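K.L.:
Can you read through this structure? Questions will come right after.
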Amino acid sequence: MWCQNVSQFCQKLARRRPLEPREGSESRLARCLNALDLVALGVGNTLGAGVYILAGEVAKDKAGPAVIICFLVAALSSVLSGLCFAEFGARVPCSRSAYLYSYVTVGELCAFITGWNLILSYVIAIASVARAWSSAFDSLIGNHVSQGLQGTFSLYMPYFLAKYPDFFALGLVLLMTGVLVLGARESVLVTKVFTGLNLLVLGFIILSGFIKGDLHNWQLTEQDYNLTTSGPNDTYSLDPLGSGGFVPFGFDGILRGAATCFYGFIGFDVIATAGEEARNPQRSIPLGILTSLFICFLAYFGVSASLTLMVPYYHIDPESPLPQALLHVGWAPAGHVVAVGTLCALTSGLLGTMFAMSRVTYAMADDGLLFRRLARVHTRTHTPIVATLASGNLAAIMALLFEFSDLVDVMSIGTLFAYSLVVISVLVLRYQPDQHLQTNGSTEDKTEVPESEADSETLRTLCDPMNSTPTLTSGRIVYGCTLLMVLLLTALSLVLAQWPHRVFSGDPVCTTVAVLLLVLIAGVTVTIWRQPQSPTPLPFKVPALPVLPLLSIFANVHLMMQMTSRAWAQFGIWNAIGFAIYFGYGIRHSLEENTDPQPPASN
């Protein structure tokens with residue numbers, strides 16, 4: 001009896017949502033967004049203020065002029081995840097981002113963890129961007145606001161909060177919440193305006209660099225260093241400035257810079273969260289994701305090239321790279337244009353992130369994993385009004401009271417974790433039998449192979465599948481191999497993150513472990529590759545399975561291994577709160593638990 005209860009409990013944790021929409025579950029949100037709207041949403045959310053800061057930070061002491069290669073590597077890494085998002089957008093009619101993708105593939109508990117951590121990432125991102133907007137605006141007016149608030153509140157704020165409550169950031173988040181309540185079309189229209197202005201400013205910066213830049217700044221020599229260090233106000237030395245040339249910090253510098261640049265491409269997943277409001281999601285989501293990533297890459301590539309052409313990389317100011325670069329070439333008034341572009345980028349990023357958070361919250365509540373009241377939809381605007389107001393107010397309070405510089409790594413862990421689950425979901429789902437054939441496949445498995453020969457058949461199927469189309473047996477093999485592959489890739493990433501010099505210097509123990517892991521990974525990859533894939537035609541499919549998804553998983557896991565133990569501890573605390581909500585409420589109110597659910601009433 002006890003074993004039966006445990007088995008039923010585990011089955012609840014692993015229950016999966018059907019791939020097709022539930023009967024009678026037509027979307028209550030308005031389908032009003034076209035492909036251009038989704039591109040604007042993706043570019044606005046991805047191409048935030050980082051484009052004005054990130055290139056200078058990486059070029060200064062990580063990659064030099066080779067920062068353009070760093071952005072290329074980071075873009076390719078992001079495209080690996082973007083391709084998987086694009087396939088799911090083409091496959092799942094009621095697309096709801098990584099949350100739904102994991103729900104239909106790996107089960108309810110993983111789906112809840114994915115959605116819960118996406119909410120964490122969005123809250124931190126919103127509060128951080130709101131505070132950055134407030135700080136940027138305050139610097140334009142002479143820092144009068146911050147000085148006044150610090151003088152009034154700094155002595156009374158507890159040590160774990162920000163130095164002063166940022167009422168400007170609070171008001172900004174509440175204003176954006178009001179815009180979202182008006183409707184999806186109105187929200188995207190505002191995003192289009194600010195994204196367009198941001199792209200115009202970036203175009204001006206890129207053009208300025210190509211006009212005023214000097215190609216010699218990509219070919220610096222030791223003589224240039226000596227001229228720099230011979231000045232009266234010398235603050236430089238040769239050692240930390242690299243070896244000169246186009247790649248002054250070597251291949252290691254490019255890899256370190258690419259890891260930092262990767263975070264500049266986080267945000268395109270907002271397109272997937274708009275799936276229920278897209279007119280033709282199976283076409284517009286893949287197109288929107290790939291187009292927005294390409295536009296963002298061109299912007300990052302152009303800005304970084306322009307910056308390093310205008311200024312020697314060792315002269316770059318990491319705090320304000322573009323205004324100082326324009327000052328260096330004699331275009332100081334153009335710094336005001338950069339300030340306008342920064343505010344536009346922050347505004348579009350803030351609105352896009354808030355849009356994504358409200359939709360993920362609504363999706364989880366609509367499935368019963370969060371409180372059902374959050375799934376209420378306004379009858380006139382067709383927006384998830386309660387989810388929008390609740391998530392907006394939470395983010396506003398966080399922006400008011402907290403400083404988030406220490407929580408950026410936690411946000412990155414949550415985002416990379418969600419991206420990895422999407423990649424795993426695509427890999428697993430491609431090798432599963434079509435849902436309308438699963439009943440027949442199940443019968444075949446039971447009648448064709450006697451129970452005594454099941455193990456030998458599975459072993460035979462590992463490298464020599466008997467069918468040209470997926471079966472339940474081949475599907476289970478891919479499930480098991482994918483789980484094993486994730487464990488192997490995690491172990492390899494851990495070895496490379498903790499003992500990189502020992503691995504590459506030929507240490508017998510570390511090198512042997514790394515080689516053994518690579519051999520096992522190659523063997524499991526071949527096993528997955530040998531299994532039959534689903535022949536179902538889709539508007540878009542990830543190419544080169546299973547290699548590209550496995551490369552994406554490795555890239556994401558390796559980046560997660562770079563995070564601090566403190567960030568992982570904070571990540572664990574957030575998930576402990578989530579488990580309390582899921583096991584206290586979600587597991588009992590899930591629509592997969594109830595066979596005849598009633599949709600929540602609309603306002």
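Glycine is treated like the rest: Cβ placed from N, Cα and C.
So TrEMBL lists the following for this protein:
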TRANSMEM  66-88  transmembrane segment
TRANSMEM  100-130  transmembrane segment
TRANSMEM  167-184  transmembrane segment
TRANSMEM  193-211  transmembrane segment
TRANSMEM  254-275  transmembrane segment
TRANSMEM  287-314  transmembrane segment
TRANSMEM  334-362  transmembrane segment
TRANSMEM  383-404  transmembrane segment
REGION    437-458  region 'Disordered'
TRANSMEM  477-499  transmembrane segment
TRANSMEM  511-530  transmembrane segment
DOMAIN    540-590  domain 'Cationic amino acid transporter C-terminal'
TRANSMEM  542-561  transmembrane segment
TRANSMEM  567-585  transmembrane segment
K.L.:
Quick test of the contact rule: Cβ under 8 Å, at least six residues beyond the ends. What residues does that give for the transmembrane segment (542-561)?
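P.N.:
For the transmembrane segment (542-561), the sequence-distant neighbours (Cβ-Cβ under 8 Å, at least 6 residues beyond its ends) are 77, 80-81, 83-84, 86-87, 259, 262, 412-413, 416-417, 419-420, 423-424, 426-427, 430, 485-486, 489-490, 492-494, 496-497, 521, 525, 528-529, 533.
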K.L.:
In the same chain, which residue numbers or ranges, 6 or more beyond the ends of the transmembrane segment (511-530), come under 8 angstroms Cβ to Cβ?
P.N.:
427, 431, 462-465, 477-478, 481-482, 484-485, 488-489, 491-492, 495-496, 502-503, 545-547, 550
K.L.:
Could you tell me whether the transmembrane segment (477-499) and the transmembrane segment (287-314) have 3+ CB pairs under 8 A, leaving out pairs under 6 positions apart?
P.N.:
no
K.L.:
Among 167-184, 193-211, 254-275, 334-362, 383-404, which stretch has the highest count of C-beta pairs below 8 Å with the transmembrane segment (100-130)?
P.N.:
334-362
K.L.:
Which stretch, 167-184, 254-275, 334-362, tops the Cβ pairs under 8 Å count with the transmembrane segment (383-404)?
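P.N.:
That would be 167-184.
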K.L.:
Which residues of the same chain, at least 6 past either end of the transmembrane segment (254-275), have a Cβ under 8 Å from a Cβ in it?
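P.N.:
Residues packing against the transmembrane segment (254-275) from afar: 33, 37-38, 41-42, 45-46, 48, 50-51, 54, 57-59, 62-63, 66-67, 69-71, 73-75, 77-78, 82, 85, 88-89, 92, 94-98, 101, 184, 247, 281, 285, 288-289, 292-293, 296-297, 300, 349, 352-353, 355-356, 359-360, 363, 412, 415, 418-419, 555, 559, 562.
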K.L.:
I'm checking region-level scores; what's the whole-number mean pLDDT for the domain 'Cationic amino acid transporter C-terminal' (540-590)?
P.N.:
86
K.L.:
Counting only residues 6+ away from its ends, which parts of the chain sit with a Cβ under 8 Å from the transmembrane segment (334-362)?
P.N.:
41-42, 44-49, 51-52, 96-97, 99, 115, 118-119, 122-123, 125-126, 129-130, 132-133, 136-137, 140, 172-173, 176-177, 179-180, 184, 187, 190-191, 194-195, 197-198, 200-202, 204-205, 208, 267, 269-270, 273-274, 276, 322-323, 326-327, 370, 374-375, 377, 383-384, 387-388, 390-392, 395
K.L.:
How about long-range neighbours of the transmembrane segment (167-184): same chain, 6 or more residues beyond its ends, C-beta under 8 Å?
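P.N.:
For the transmembrane segment (167-184), the nonlocal Cβ contacts are 29-30, 32-33, 126-127, 130-131, 133-134, 137-138, 145, 149, 190, 274, 277, 350-351, 354-355, 358, 378, 381-383, 385, 388-389, 392-393, 395-397, 399-400.
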